[in-house]
Amino acid sequence: MDMSDGDSEFEAYGADTYALLESGDLKVMTDEGMYRCPFCSDAQNDCSLLDLLEHAMGVEAAHNLDGKVKADHRALAKHLKGKPAESLGLLLKPTLKHTQAPQNNRDEQFVWPWMGVLVNMPDEYIGRSANRLKEHFLSFHPTKVHHVYSKGCPTGNAIIEFGKDWSGFRNARAYESHFEMKGCSKRRWKEMKCGGQEPVGWIARADDYNSLGAIGEHLRKNGDLKTLNDIVNEETNKTDKLVAHLASHVKEKETHLMELECEYNKSAASLEKLMEERDKQIQSYNEEILKMRQLAQQNTHRVVEENRKLRLDLQGMMDELDARNKQFEQLAAQTEEDKRNLELEKEKNAMRTSHLKLAALEQQKASEDVLKLMEKQRIEEEDALEKFKRLTIQLDTKQSLELEIEHLMGKLQVMESTPAGEATGSGKKIDEVKDELNEKIGELSDMESFNQNLIIKDSKTSDELREAGEVMIQALQTLPSDIEVRTQIGIKRIGELDSKAFLNTCKRKFSKEHAKAESVILCSKWQNEINNPEWNPFKIVMINGKESRVLREDDAKLQELKEYGEEAYDAVTKALVELNTGEGSRRTPFPVLWNNEEGRKAPMKEAVRHALELWKASKASGKGRRRA
């Protein structure tokens with residue numbers, strides 16, 4: 001198809017559409033008096049006559065649309081141009097062309113921000129919304145539109161702002177070129193002595209800025225006069241300041257990076273020193289554990305051997321007594337006196353034999369209990385040492401993890417502080433460091449959970465050791481009382497008073513016959529006071545930054561106690577202090593292992609040594625009885 005055939009078909013489509021629009025079969029006006037395109041399904045928003053006309057003309061001028069669509073919109077534009085309403089507004093519709101902005105004198109002064117002047121505005125825009133006028137010049141991308149008023153009345157003129165950047169300057173030049181191409185330039189307007197009916201527009205310059213009237217007043221109030229060189233110089237100064245600021249910022253980043261590297265080197269040196277100290281502690285700990293194990297084995301062998309010898313000595317003594325009983329039976333034929341002496345001797349021997357058997361049984365029971373305690377202590381000690389070793393290893397591992405986490409965090413901080421120009425390709429490394437850091441933090445959390453379980457097990461072991469101490473106390477209390485030995489370790493009841501503390505006072509107040517009974521009564525009375533939890537003669541004071549409980553000397557009962565003498569006062573206050581520093585907040589006496597020579601509590605090791613001394617004493621006592 002040649003060009004003439006295409007144009008004929010195009011005109012045929014447009015003629016049919018125009019006839020439908022003119023006849024009213026195709027409606028463009030809604031019931032509300034607004035306009036809508038009948039050909040575009042996506043144009044659902046109501047608009048004004050001018051907006052719809054602009055839409056039709058834009059589709060008609062498009063190059064990538066179907067011929068029938070363009071013919072329909074041409075017919076629509078023709079139909080709308082015949083409408084009487086708003087026809088004058090078409091004079092303001094710009095015809096935007098790609099014009100090259102002419103070269104300007106760089107010393108010529110313009111109003112900045114870039115502004116355009118519009119005069120002879122049609123009456124339909126005077127006093128109306130500035131946004132409506134702004135829409136007609138939307139192709140020049142104005143930022144603001146201001147109506148010009150004089151003494152409160154509209155003048156029919158307007159000021160159009162195009163911004164402060166170079167694109168705004170180009171838009172302002174295109175705006176001025178648009179009016180110059182239509183023959184509505186500022187020069188033509190002045191030749192007509194500011195008359196005429198056509199709208200006229202141009203870029204605001206120095207003469208407009210300094211002119212009298214509402215336009216000059218508005219330009220002076222909202223803008224400044226600047227040449228292109230002035231603006232270029234200002235932008236150059238801003239760029240130089242920005243470059244200087246960025247250079248200073250880069251220098252600060254480099255300084256911070258060097259500081260981070262120094263801190264990292266210090267941390268690495270500290271870690272190396274800490275690892276060396278840890279190795280020395282582990283070596284010392286292993287040597288100490290080896291010595292303790294060797295000593296425990298030697299003590300166990302010695303105790304077992306001495307116990308075996310003691311049982312042999314007891315058995316020898318029992319055999320000797322049996323032989324003597326047989327001798328006594330052979331002398332039964334002697335005189336009556338001898339018979340009575342013989343019976344008495346037999347009774348004594350039988351009693352001694354019974355005592356020895358009981359002593360042997362008690363000794364055997366005590367020996368078994370002590371051996372069980374020693375074995376239990378050995379096992380618990382090994383468990384405690386093993387737990388301590390595990391805790392040490394876990395602590396070292398935890399410290400190592402914390403140091404690794406600190407190292408990774410420092411490394412991550414160094415990588416994140418790298419300037420943007422040097423950080424190309426470091427994103428993946430930063431992610432890997434973050435993943436490794438999260439993994440180490442998870443391991444540290446698991447390690448803390450495992451340590452908590454070990455602490456619970458250690459608490460359970462401590463309870464078992466306390467039970468073992470109670471068994472040791474019971475074993476010492478049940479030993480035979482006829483074994484004479486000077487013991488360093490004994491049993492003491494913490495918080496228990498002795499009536500002897502009140503005896504001297506009672507001797508001064510009562511007769512010798514009643515003094516002892518009264519001292520017992522006073523002792524019982526103050527023992528009840530000590531056991532009473534409602535009596536709290538203590539106060540809390542700060543000593544070396546820690547809270548401590550001390551006796552209140554102004555307590556009423558303690559003042560009353562001073563009447564019975566210093567010995568009684570010291571005994572009661574000592575019992576109160578012992579209970580206050582004892583187990584929990586109990587106020588009743590309780591037994592503990594006690595070092596009689598040094599006046600303090602005895603640990604389990606001293607109690608075991610005391611048991612060994614008892615075995616030796618039992619052995620010596622058995623040999624003495626055998627010689628007797």
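Please read every residue number as a count from 1 along the shown chain.
Placement of Cβ uses the backbone N, Cα and C atoms for every residue, glycine included.
What TrEMBL says about a protein is an automatic prediction, not a curated fact.
Taken from TrEMBL, the feature coiled coil applies to 257-418.
Residues or ranges marked as domain 'Zinc finger-XS' in TrEMBL: 37-77. Secondary structure by DSSP for the domain 'Zinc finger-XS' (37-77): 24 helix, 1 strand, 16 coil.
Per TrEMBL, the feature domain 'XS' maps to 107-211. Secondary structure of the domain 'XS' (107-211) per DSSP, as helix, strand and coil residue counts: 39 helix, 30 strand, 36 coil.
Marked as domain 'Factor of DNA methylation 1-5/IDN2' by TrEMBL: 492-619.
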Taken over the domain 'Zinc finger-XS' (37-77), the predicted model's pLDDT averages 75
Taking DSSP states H, G and I as helix and E and B as strand, how many residues of the domain 'Factor of DNA methylation 1-5/IDN2' (492-619) are helix, strand and coil?
-> 70 helix, 23 strand, 35 coil
